[in-house]
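Marked as compositional bias 'Basic and acidic residues' by TrEMBL: 67-79. TrEMBL lists 39-79 with the feature region 'Disordered'. The transmembrane segment annotation in TrEMBL covers 241-262, 283-309, 377-395, 404-430, 450-474, 486-509, 545-570, 590-615, 621-644, 665-685, 705-724.
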Amino acid sequence: MSTGGSGGGGGGGIGGGGLYENLQLTFSGRPVEVRQFLQSDARKRKSTSEVSGMSHIKSKTASRSVSDLKLEDEAGGDQKEVVAEDSMLKDDSSGSVETLLAEDGKAAKMLFADENEKVPKQYSATGLDDGYESCNSTPHGSGSKTNKHLNVITTLLPAYMFRKKELHVQLENRKFESFALSASSSQVEVDPQSPKDPGDNRETWSSNLDFLLSIIGFAVDLANVWRFPYLCYRNGGGAFLIPYTLMMIFGAVPLFYMELILGQYNRQGPISVWRICPLFKGVGFCAVLVAFYVSFYYNVIIAWALYFLGSSFSSELPWLHCNNTWNSDMCWDNVTKLTVNESEMTNRHSPASEFFHRKVLEMQFSDGLHDIGYPKWQLVVCLVVVYTMLYISLFKGVKSSGKVVWITATMPYVVLTILLIRGLMLPGALKGISYYLKPEMSKLKETQVWVDAAVQIFFSVGAGFGVHLSYASYNTFHNNCYRDCIVTTAVNCFTSFFSGFVIFTYLGYMSHKHNVHISTVATEGPGLVFQVYPEAVATLPGSHIWSMLFFFMLIMLGLDSAMGGLECVITGIMDEFEPLFKKCKLSREVFTLIVIILSFSVATINVTPGGIYLFHLLDTYAAGISLLCSALFEAIAVSWCYGLDRFTQDVESMIGIKPGLYWRVCWKFISPLFIIGVVIFGLLYPQPLQYNDYFYPSWANYIGWFLALSSILMIPIVAVIQILKTKGSFMERLAINISPMEEHTAIREEKKISRFRAKHWLYV
């Protein structure tokens, strides 16, 4: 590139052509928008990119005088001085544009420094925004003090200059002040691999596939295998897919997409992202607490699977017969008695059932929740192995976890396919599949069917946990999160449907083998994967191999979901209290270890003889209504307070496409109503808290509600704290706390409150 010109009337043109708009100047954390156009005829330009002219544009804020403008370009070495006295800068038709507006009596220099050139300390600036729009760079910032600060600096640069140069702007007036010039991503195409802003030290995924596999791995978890197939069978077979699909389209997916947008645009964790609407910061704390609570029991499931995997290496599968030391008189050996009627099947225990309850959990040594006992050392060892794998995956952030998911997110599909091929060869397999898919349209009249569909797809997608938001915060700014949302949802639904074929081929085999109806053997949850399925594969030729494959798959399914939950906790807290972590010099590696140790300490209670009762209590209350409330207030905060108008502009600035009417209506009306309906139904028709034949005491329900409210109450408590610590009248406090932080100065000084206008609330 070369720049130049001769004579006082010549303009310093810049070669390259193209259209760049909405360049921004960030001064003391306050961005100012400027419109800037570069019009050029590429056919008339020579390869040397000589000077073609200069034109000026009008500032949209106010007229300013300009003095002593010096433009230096390292590549060309030429300097140009432009002096304008008290006049409005107006458009010219000559082609390229260079405009710099400054306060009277002040001079500004624009220095183009190569990436490797050391910039003097006193001239340091935050540098050129790379398109991540992080830290103080905000595409839709509003307002600054016009009587104190430089109002507008507009500079046109070709695309390759953005990739190779750093722009430093200093204002000369006794002392130097630093500015950061950033290009609004909605208009300027920035290389996603360009160097990051020196002020933005946030790491990013090594590739988009790392991110995609991570969110797929979190969304596709154990519930896809042990819950969806049973719900589909119980609620009308193929007919269940109708409410399931409707709830997915109008409820869960819009909220999932919203989380991806929030994380990617703001590049912050689930707590600090609420600088866009400080009143709802408690939503972030709620999500982090829910994710932390879930780790207390979810990782125990992986430890059980690891124990079963180890037991599969024995010479004979230990859940095949009833001649073991842990078996009771109620154990029914399917080897000595090949057929049994349904009443006997109900009153008897299978060897697999007794292996799980009496050998693995040792429930016979506990009378209930009040009699926990001591942890079983074998399960503690398995738990240590699980948490060690989680630490290795998480301690380096997305650079380490992004590699692990290539195994944990893909291997389950290989194993499921192998198990399905083997299952289809078994007698009764097709009968099982017919029960799985046979539609019963009359079931659609039942309210419970629709509630089951809503709960299943919502918890399966994982909206409200803050995990997708945390993962998306490590994306490059222009990543196509819309595509990621659609792909993840499709894979998640396919996995649920596909795993149903795998499970019901073996349930059909069990039904055929024992000559009983399939409803006798069909179940959900741990009972399916740790009792029914192990029993089914135990009698197959090469049972050890099939058993190892199945439990290896469970471990893979569980690990990436467990990684996502703890990543939400780590990212959320470290982003929110970043100054404290820097002050204490507490690295991510150390803090990750602290989180792992705390979660492990509580999880060990679940591997006691009475731990299964606490496990079921946590599973019922830790992520039930509290998760729904987290997602509900997240949708309200974004759609109503932050504003759909602003939110859709954020999306357009990232991927170049504005969300359509479907997304906007779902975000503002349908998805919140969807969650409210599920919450109301759950409160009106609560399920009794019991595990098998054990009914929990009333005080156990109080503990459960205390656990749920401990996260839910973070939303109103933090909101009150935010209001109280804000200065001004009540209306000023309210206005500030429902507005993004970059608008707070304008609200205080200019009393401009866009969110107190009807247009803001009525926009769809």
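Note: Cβ is positioned from N, Cα and C throughout, glycine not excepted.
The transmembrane segment (621-644) makes contact with the transmembrane segment (283-309): 3 or more of their CB pairs lie within 8 A, with pairs spaced 6 or more apart in sequence.
Within the chain carrying the transmembrane segment (665-685), a Cβ under 8 angstroms from the stretch's Cβ atoms is held by residues 247, 250-251, 254-255, 258, 447, 451, 454-455, 458, 624-625, 628-629, 631-632, 635-636, 638-640, 644, 647, 764, all 6 or more beyond its ends. Distant neighbours of the transmembrane segment (590-615): 292, 295-297, 299-300, 303, 357, 361-376, 379-380, 383-384, 387, 390-391, 394-395, 566, 569-570, 573-574, 581, 691, 694, 696; these residues of the same chain sit at least 6 beyond its ends, with a Cβ under 8 Å from one of its Cβ atoms. If you look at the transmembrane segment (283-309) against the transmembrane segment (377-395), you find at least three C-beta pairs under 8 angstroms, all six or more positions apart, and that counts as contact. Contact between the transmembrane segment (241-262) and the transmembrane segment (545-570) does not hold: fewer than three of their C-beta pairs are under 8 Å, each pair 6 or more apart in sequence. Between the transmembrane segment (486-509) and the listed ranges 404-430, 450-474, 545-570, the one holding the most Cβ pairs under 8 Å is 404-430. Contact counts against the transmembrane segment (545-570), taken as Cβ pairs under 8 Å, peak for 404-430 among the stretches 377-395, 404-430, 450-474, 705-724. Within its own chain, the transmembrane segment (377-395) has Cβ neighbours under 8 Å at 299-300, 302-304, 306-307, 310, 360, 401, 404, 559, 562-563, 566-567, 570, 588-589, 592-593, 596, 599-600, 603-604, 607, counting only residues six or more beyond its boundaries.
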